[in-house]
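For reference, the structure discussed in these notes is given below.
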Amino acid sequence: MDVHTRWKAPRPGAPLLSSPLLLLLLLLWAPPPSRAAQPTDLLEMLDFHNLPSGVTKTTGFCATRRSSKEPDVAYRVSKDAQLSMPTKQLYPESDFPEDFSILTTVKAKKGSQAFLVSVYNEQGIQQLGLELGRSPVFLYEDHTGKPGPEEYPLFPGINLSDGKWHRIAISVYKKNVTLILDCKKKITKFLNRGDHPIIDVNGIIMFGSRILDDEIFEGDIQQLLFVSDHRAAYDYCEHYSPDCDTAVPDTPQSQDPNPDEYYPEGEGETYYYEYPYYEDPEDPGKEPAPSQKPVEAARETTEVPEEQTQPPSEAPTVPETSDTAGKEDNPGIGDYDYVPTDDYYTTSPYEDFGYGEGVENPDQPTNPDSGAEIPTSTSVTSNSSNPAPSPEEGKDDLGGEFTEETIKNLDENYYDPYFDPDSDSNVSPSEIGPGMPANQDTIYEGIGGPRGEKGQKGEPAIIEPGMLIEGPPGPEGPAGLPGPPGTTGPTGQMGDPGERGPPGRPGLPGADGLPGPPGTMLMLPFRFGGGGDAGSKGPMVSAQESQAQAILQQARLALRGPAGPMGLTGRPGPMGPPGSGGLKGEPGDMGPQGPRGVQGPPGPTGKPGRRGRAGSDGARGMPGQTGPKGDRGFDGLAGLPGEKGHRGDPGPSGPPGLPGDDGERGDDGEVGPRGLPGEPGPRGLLGPKGPPGPPGPPGVTGMDGQPGPKGNVGPQGEPGPPGQQGNPGAQGLPGPQGAIGPPGEKGPLGKPGLPGMPGADGPPGHPGKEGPPGEKGGQGPPGPQGPIGYPGPRGVKGADGIRGLKGTKGEKGEDGFPGFKGDMGIKGDRGEIGPPGPRGEDGPEGPKGRGGPNGDPGPLGPTGEKGKLGVPGLPGYPGRQGPKGSIGFPGFPGANGEKGGRGTPGKPGPRGQRGPTGPRGERGPRGITGKPGPKGNSGGDGPAGPPGERGPNGPQGPTGFPGPKGPPGPPGKDGLPGHPGQRGETGFQGKTGPPGPPGVVGPQGPTGETGPMGERGHPGPPGPPGEQGLPGAAGKEGTKGDPGPAGLPGKDGPPGLRGFPGDRGLPGPVGALGLKGSEGPPGPPGPAGSPGERGPAGAAGPIGIPGRPGPQGPPGPAGEKGVPGEEGPQGPAGRDGLQGPVGLPGPAGPVGPPGEDGDKGEIGEPGQKGSKGDKGEQGPPGPTGPQGPTGQPGPSGADGEPGPRGQQGLFGQKGDEGSRGFPGPPGPVGLQGLPGPPGEKGETGDVGQMGPPGPPGPRGPSGAPGADGPQGPPGGIGNPGAVGEKGEPGEAGEPGLPGEGGPLGPKGERGEKGEAGPSGAAGPPGPKGPPGDDGPKGSPGPVGFPGDPGPPGEPGPAGQDGPPGDKGDDGEPGQTGSPGPTGEPGPSGPPGKRGPPGPAGPEGRQGEKGAKGEAGLEGPPGKTGPIGPQGAPGKPGPDGLRGIPGPVGEQGLPGSPGPDGPPGPMGPPGLPGLKGDSGPKGEKGHPGLIGLIGPPGEQGEKGDRGLPGPQGSSGPKGEQGITGPSGPLGPPGPPGLPGPPGPKGAKGSSGPTGPKGEAGHPGLPGPPGPPGEVIQPLPIQASRTRRNIDASQLLDDGAGESYVDYADGMEEIFGSLNSLKLEIEQMKRPLGTQQNPARTCKDLQLCHPDFPDGEYWVDPNQGCSRDSFKVYCNFTAGGSTCVFPDKKSEGARITSWPKENPGSWFSEFKRGKLLSYVDAEGNPVGVVQMTFLRLLSASAQQNITYNCYQSVAWQDAATGSYDKAIRFLGSNDEEMSYDNNPYIRALVDGCATKKGYQKTVLEIDTPKVEQVPIVDIMFTDFGEASQKFGFEVGPACFLG
């Protein structure tokens, strides 16, 4: 008999295997290891979910099902379906199984007869098939061709095409095939196949048909599974397709829509699986993706709360079985629900024992914490141990016949592994527990223990300022909401061809060709691929090829009749449609590293791309390691004075400063608040005797004492010897701050300090009076290179120069634009490091990608070569606090600092003289009662005097003696750096090279990399004194304080700080010479003298901590060519820099050393001189090529033409007189110079060559009147010519004759300040000026260029634990990492133990005179006498003994600071004090470090238009603009000064005869005129806009006037033509200005593709441009034209809207209105213009942001519906929302969850441009107390 026991899910901690019997059972039941029987879902593989052509969704086997809201899902297949796939996809890693099951739930069309599924081999032979219809056929043919077609198993008497649902299971086991129909009928047939049959998996699987078959399956199908286990067919109705009335059991089935419902006991152990054909009722639209692992399935498809999720590896238990299991009225066995697909069978082999699945897989360890109940049997019966009969035993029974029986009469021996008819039918499902399918291998894992309690709050961290303790990286945050899509970037370059995709599905079979006459054999060009190796990826043959092969083979099989004549070639059928993409193959193994490619030639220079929009700032990276200290850079520009910083921590004590003069006594401060009572102080010294007090009341009469003898007053005793040194007392509390001690004696004059750094340059002072001209100075050293000037006028194209010598390798280019950011990929295996590839071209800037996780920090790179000294950088951001620097030289004594905090108690100073009596302090707290002291001597009774008035305070005591010299203070802070060193000695003279032609100034080179640490330079000479600074502004007047009590006059204070300089006074009269003064005290240290000779090298100091990188210096001198270094790794592509302005030409450089000989160039024939070319666009720098090998010196080449002007060289020694350089651009106007001395008269020059005709001369003196000419016609008014290009300056003329002095002109008005002239050559050194005052802090320099890319950022926070990955192969051991950077100092450690007592101190000084000794023994008390009369006051008695400590007095004056005491041990932290009053507002602190970038804030309202900004500084000279239209003729100018006489003209030919004029009055005969020049009368040259015709040269014999008129007329015509040409050009290519608007932004982009995004003027309706309006052009998005909502339409702040009704339009709100739109200047856009803009646009786009608090904007995630979605009213009065407009989508839908503050961003991107912009919005989800919303309306953008 079976004894059933069960495993109960143990409580945590309960032992699971408590009996040895269970262990024995586990050992007996251990199954043999077997491969997992993983069902393969053919419908999933054929992509039924995406409904391919001919497939639709329909209701499945069950219209309703218990515990499920939705019906089963099935697929209706029509004749149009063409579905096939390579068999390899079904079994990618293995062969087709010998024994298997085919399971399907199907409803075939009534009366049909077609194959449901067919499997073909590589040659196109059908190997497997299932035909549905009357008498179904199971077709099977193995690799040996067995069984033949006549032996295929046939199942007569069964009709599967009756139009009803059937559950069909076919089990193929050895040489039997069993059909189980509808869980009732079982028919077994003999299958005469070979002993080891093979089904080829290199062919294809067709669904619903056979190749060349006319019959195609039509009907509905819900499931079609292949299982690699023949026993799965017997479980079909329990595990895969249960009955409709079967409730969803406790089994962890994949269909469970709500896993919580099946655990009434609340254990919360849930499994999550997917089932592909039953829709999740909570999300009907979801199509779950298959997954290979149950754990991953749960993670990928559903979010399950943490407490409920459990990995599905715990063993579920067995279903309930009973005797009724096989009855026809209850075909479902047990309470099984829908069967899972891949997920469920991932690790589950079938066992060869009964339903008790309680034994682990031998590979798995046992986990005693399993939470499942497993029924076990204590008896090992034949039911659970006998294997199925072998085929030999069953052969005679089965034979060729088949047995037909119902399931209840199953052969027990055959079926008993699955069915136990003797099982206890009384076992209830609750006892058995959650069911476990028979095919689930059990893996026991622990149930999680109960959640621990929250731990106690940790101690607060001790983090000091500037200390950064890096925590462990946090868990990865949840994925952020997807950002709104960026604007469309420019089209990228064509990518590399992708890998070949998987083969598509086979196409439709072609139509039959017409039968042709006999002909040649057709050879189809198929590539028959041989079988790949095991593990090769994907099928070797495409699906189309397999299908064609199958067609051929099928045709061959069909032609089994007598051979007919050979047919002609038939027409090929049409190509079927491409199949859908197959599943992507697994990633291939990494191939071996390929050989390094040859360096490609540099590509052609691309056109410069448009400048991308600036990306948003990245997160701030961690500061990199401090680089080595660089060379001292040139002084940068002075920064603006920063805001006042926080008060720094008190620095270490500086050396004692020079004693200052006594300051004046300050006003008395206000009385401070009363302090807390202090602890009782130590016993004070005996105070001076106070004034006699008032008489007290008579005391109580005491007891009479025994009369004692009255002793005489003894003489005062001598002071005793000094006592021994006592032990040091306990450390006292810190005393109060002592008073400032008297100034010490003046110390000896210290050594002059090191010269300080030159101060920041002050602003230029006012110009001084002009001094007398100095004597001519000697040739000064060449000055520093001046700033790069504005570009001069474009020069004439120079002739080609000599070919230059080969240059050294260029510096690294700047980074390119960042590319598109990709999604974060899966972390791949660590590959081998490949060789660096060649640098690619710069890609266009992509839109900003989603922020990826921070990468791991990279390894430190090797130190680069020392770079050249760069240009001075601009001030960078403040760095993080660096490590403590090394101790610098002692600085100068600083100014008196503010009062420091209380110091540690000093050692006691020498005793000062007694000060005056202080006023009586307030009463202190009661002290501790002291021990009774010894009795003092009785004093004489003094009479009580009347209380005297309080006397005045005594005078201040004399100043104490100066104290001893204090110990040396700690070293001061680092001094300022020294002045720049002198120029080094001149290097060795190089070989004199041939003089190179002067070159053109090149653009500024890229910034060099940080060089290694240079040697410290020598200190430079002191700079010139700065000019007088401007006076500062006066401070605000403070509030008047309360008058304090009158103080005593103090000693003179130290001199105050130097005041600001006053306004410059008028010059006073010259005073008389004074008397010689006496010798003054030694002055302050003078300016540093010139450096002495270099001393011997000192010992090498320790390597200092690396300093912060200094500012970028200017370019240093070019170093000699270095040895080629090892090739570094490929750097990142640099960004194209903006072209800098062309600098002014520098002076001619020194003769350079001869370069290396270059290759010989071939001698070309000289070309003709070309005309001047247009200015080309600046191309981006090409990639730097590799350094070539040094060539052999070639033969000397022929002299080439002079090259272009070279770059400005460094200043060398003065060379010989160079050849004349190019004329420089005109400099700014200089100051008026003094008149020069008259020059000597020069010699008469030679007669020059004939020059070109000069400009018209001035009007000459009147000649003798000529004969009257004829009357000419009146001339027309000509247009002025266009402005000519500026000619090059002529050679200097000879000095003119000195003119007579003119009269003194009137005083001119004060002129505006002229522009700064260029730097003059360095003058001779002037006399040493007085040291100037420190100027105010300079203005801040301009913002610096972006720095080099920072080091990699700190590792980002760790992400959430991802799904466990597969274990990777062991990696190769990594290289030894470079040592990490030095860690920052940790927090202060705990106080150390108290040290041993120190050595005995030095012997003390001799003590002062001791107090009076103690009295003698006490005598007996005498009786109290009567009170006598008040006597006269007696003499003051001797000092009594020290009394009891008196009350605490007021705080005395601060004592002088003692020397530093040793630091005491660290005390325990005190209790927190009471909260103090809030202090005054502190000064503004230093700007903090730049924080991490916060999340983007909500869009703010558009601000009001700001006030006009201050006048900006004049910008650089712009590029030459388009020539403007001719202006109107100006008024005639005044006659010019007479010019010099021109050269004699050449003889001209006689002009044409003019018309005869009227006879004039006869005049005097004049002298004959000079012959004139012939000038072309018609300057018809369309390209010239400047006329070289001089009207004075046209006058010849009075007949030239007609020519003048004619020429002037032509000039007017040409001016008009030029204007027309400009206007036509602007019409063709509008500029987007108000006078020349474009039609749309798209038009503007087409004409000017290089324009940046911004505001431009458009005029969509064209015509007059006065109605144009200004829009925002988004060229990055392809040329969108954007208009904005007006200020009141931009949106509304988030609020609860209590008075508004949900479902009403915003325009009906009290604060609402219809939305209206304006242009970029705030003017409304006209309706007509908007209409034309829409006509010119193909699509329109607008974003709306809904800011919510627990309010839905679009989808309601709780219900999955869009009932509460916002509705919009378009410009065409059309309502738009989710239900009627597919062009609205949610870019971000944070409001769907109704959790806290969120936002939803909706985008309308519609081709119906008349809908945009929206004019009204309807909101529906608000009104409850906890709901709020606001919204923001974005611009409407139209794209043409």
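From the backbone N, Cα and C atoms, a Cβ is placed for every residue, glycine too.
The annotation domain 'Laminin G-like' is assigned in Swiss-Prot to 72-244. As a whole-number mean, the pLDDT of the domain 'Laminin G-like' (72-244) in this prediction is 92.
For 231-445 (among others), the entry in Swiss-Prot reads region 'Nonhelical region', with the evidence type similarity to another entry.
According to Swiss-Prot, the sulfotyrosine annotation covers Tyr234 (among others). Other C-beta atoms found within 10 angstroms of the C-beta of Tyr234 (sulfotyrosine) number 25, with every protein chain shown included.
A helical conformation is recorded for Tyr236 (sulfotyrosine) in the three-state DSSP classification. In the structure as shown, the Cβ atom of Tyr236 (sulfotyrosine) sits within 10 Å of 27 other Cβ atoms. Here Swiss-Prot flags Tyr236 (among others) as sulfotyrosine, drawing on sequence analysis.
Residues or ranges marked as sulfotyrosine by Swiss-Prot: Tyr240 (among others).
Taken from Swiss-Prot, the feature region 'Disordered' covers 241-547 (among others).
The sulfotyrosine annotation in Swiss-Prot covers Tyr262 (among others), and the record cites sequence analysis as its basis.
The sulfotyrosine annotation in Swiss-Prot covers Tyr263 (among others) and rests on sequence analysis.
The sulfotyrosine annotation in Swiss-Prot covers Tyr336 (among others).
Annotation source Swiss-Prot lists sulfotyrosine at Tyr338 (among others), citing sequence analysis.
Look at Swiss-Prot and you will find Tyr344 (among others) tagged as sulfotyrosine.
Summarising the annotation, Swiss-Prot assigns compositional bias 'Low complexity' to 375-387 (among others).
Taken from Swiss-Prot, the feature region 'Interrupted collagenous region' covers 446-560.
The compositional bias 'Low complexity' feature in Swiss-Prot is assigned to 462-471 (among others).
What Swiss-Prot lists as compositional bias 'Pro residues' is 472-487 (among others).
Residues annotated as region 'Disordered' in Swiss-Prot: 561-1576 (among others).
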| note | Rounded Cα distance in angstrom between Tyr240 (sulfotyrosine) and Tyr234 (sulfotyrosine) is 10
| query | Could you state the CA-to-CA distance between Lys776 (5-hydroxylysine) and Lys809 (5-hydroxylysine) to the nearest Å? | reply | 45
| remark: Here the 10 Å Cβ neighbour count for Lys776 (5-hydroxylysine) comes out at 6
| message | Quick check on the modified residues Tyr240, Lys809: which one has the highest count of other Cβ atoms within 10 Å of its Cβ? | response | Tyr240
| task | Provide, as an integer number of angstrom, the distance between the C-alpha atoms of Lys809 (5-hydroxylysine) and Tyr236 (sulfotyrosine). | result | 76
| field | DSSP three-state assignment (helix, strand or coil) for Lys776 (5-hydroxylysine) | value | coil
